[in-house]
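These notes are about the structure you will find just below.
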Ligand SMILES: Cc1cc2nc3c(=O)[nH]c(=O)nc-3n(C[C@H](O)[C@H](O)[C@H](O)COP(=O)(O)OP(=O)(O)OC[C@H]3O[C@@H](n4cnc5c(N)ncnc54)[C@H](O)[C@@H]3O)c2cc1C
C-alpha cells in the first residue's frame, strides 16, 4: 500500500515553476497554490494583470491534491438549516454559487483542454438510518421547490441499481460531478502560466508588511512587492497569518483507494457510478476513480495532523468501515492511503472578502473542491473592479474562542459527534 495521494501518484507534477531568487513588483501576489489561488491567478492573468503565486510546497500539495474528488452541487448543510442560519436570500445565493462552481469548472476544463475525466455523475446523499431518511425528505422538499428542481428523492427500493448496500433511501442531486483532481490542479496551473501568471514553488511567505500603498511579501527565496494580496492558504494557513489561524480549524481527513475493481465487483458495490455520501455525522464518502478503484474517505479520527503515521492509523479504521458497508469486497487490496487537512470554520460556511487590506477566500469545511476555483475567480473579478458576485460578502467571521492555531478541542468534538451518531 502506498501512503501517498492517489491523485498525486497518477498525474504529472507541475513543471512550470519559476527558478532562482524572487524579486520585483506585481499587480497581485497570491499566497497558496491550490484551487483558490490558481483559479484567481488564471482569471487575473487573462485580464492582463501581472500576477505571482507563492506556494510553500509544490503546486497542489495541499487539500487540492488530496481530496475525495466529489464535485457536489448545492450546500453540504441542510438547506433548511442554511436558511435559518443565513437568511433565505443568502442561503439561496450560496446554494447557487456551488451550482455555478460546477458550471465554471466544466467551462474552464473545455476552454483550457484539461484532460481530467470531468463527468456529471450525480450525487446520492444516502440515509444510514430510517430517521435520517425523514430529515433528507424534509430537506429535499425545500431544495426541490425553492432552489434545485434537478433533484429527486429515492426510496430504499429505488437504490437497487445505485449502490450495493442497504441504505434507507437517498436524495439525488443530478448536477453533481467528479473528475481527476491531480490532473485538474496541474492543468489549472499550466493554464494560469500560459496566460502569463508566474508560479513559484518552495516559496513560503513568512511575513507581509505594508508601506506607501504597497504590500511587501518576504519569502525564503526573496522579497516581492504587490498592489494587492490574496490569502488562499486554507487549512495550511501558517501561524504568521494569526487573524486567519484564529478562525480556521484545521482537521485531518483521510482516504483509502482499493485496487481497480472488476466489472462484477463494480456492479455489486456502486453500479450507479455516482458520488455517494452517507448521512452519519462521522460519515463516509465514496466514488470510483477513472481506473475503477473505489476511493473511500471519511473523518475516521478527529486528528489535527495528517502524516504517514496518522494516515495509516486512519486507513485501518476506514478499511473496517468499507468492510461494514460493502462486506462483498471486505478483503479487497487497498493500494493507496492518504490524508490531508480540511479548513473548517465553526459554522462550516466558507468565508471570502477583505481584511486589513488583504483579500481572502477559505473555510470550505470539506466542501470546496468545486467552490474554491470559482471563488478564487470571483475574488479576482472583485479585484479587477468587475461586478462583485461574492456570495459571502459581509458574512461575520468571529474568532473561535480559545483557538490560537492548534485545535486542542478536537477530541472533545469527536466524542460529541460519536454520541450524536448513537442517538440520532
Ligand atoms: C482528505 C480531504 C478530502 C476532501 N474531499 C473533498 C471532496 O470530496 N469534495 C469537496 O468538495 N471538497 C473536499 N475537500 C476539500 C477541498 O479539497 C478544499 O476545499 C480545496 O481543495 C481548497 O483549496 P484551496 O486552494 O483553498 O486550499 P489548498 O489546496 O489547501 O491550498 C492552500 C495552499 O497554501 C499553501 N500555503 C499555506 N501557507 C502558505 C504560506 N505561508 N506561503 C505560501 N503558501 C502557503 C499550502 O502549501 C497549500 O498548497 C477535501 C479535503 C481533504 C483534505
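One is the number of the first residue shown, and numbering goes on along the chain from there.
A Cβ is built for glycine as well, from the same backbone N, Cα and C atoms used for every other residue.
Where the annotation comes from TrEMBL, it is an automatic prediction and has not been curated.
What TrEMBL annotates here:
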- 36, 55, 56: FAD binding site (BINDING)
- 27-381: domain 'FAD dependent oxidoreductase' (DOMAIN)
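Summarised as a single figure, the pLDDT of the domain 'FAD dependent oxidoreductase' (27-381) averages 96. The FAD site, placed at the center of the C-beta atoms of 36, 55, 56, has further neighbours from the same chain whose C-beta lies within 8 angstroms: 30, 31, 32, 33, 34, 37, 53, 54, 57, 59, 62, 232, 233, 236. Annotation for residue 55 (FAD binding site): same-chain Cβ neighbours under 8 Å, separated by at least 6 residues, are 32, 33, 37, 61, 199, 200, 201, 202, 203. Following the DSSP three-state reduction, the secondary structure of residue 56 (FAD binding site) is coil. Around residue 56 (FAD binding site), a 10 Å sphere centred on its CB holds 20 further CB atoms from the protein chains shown.
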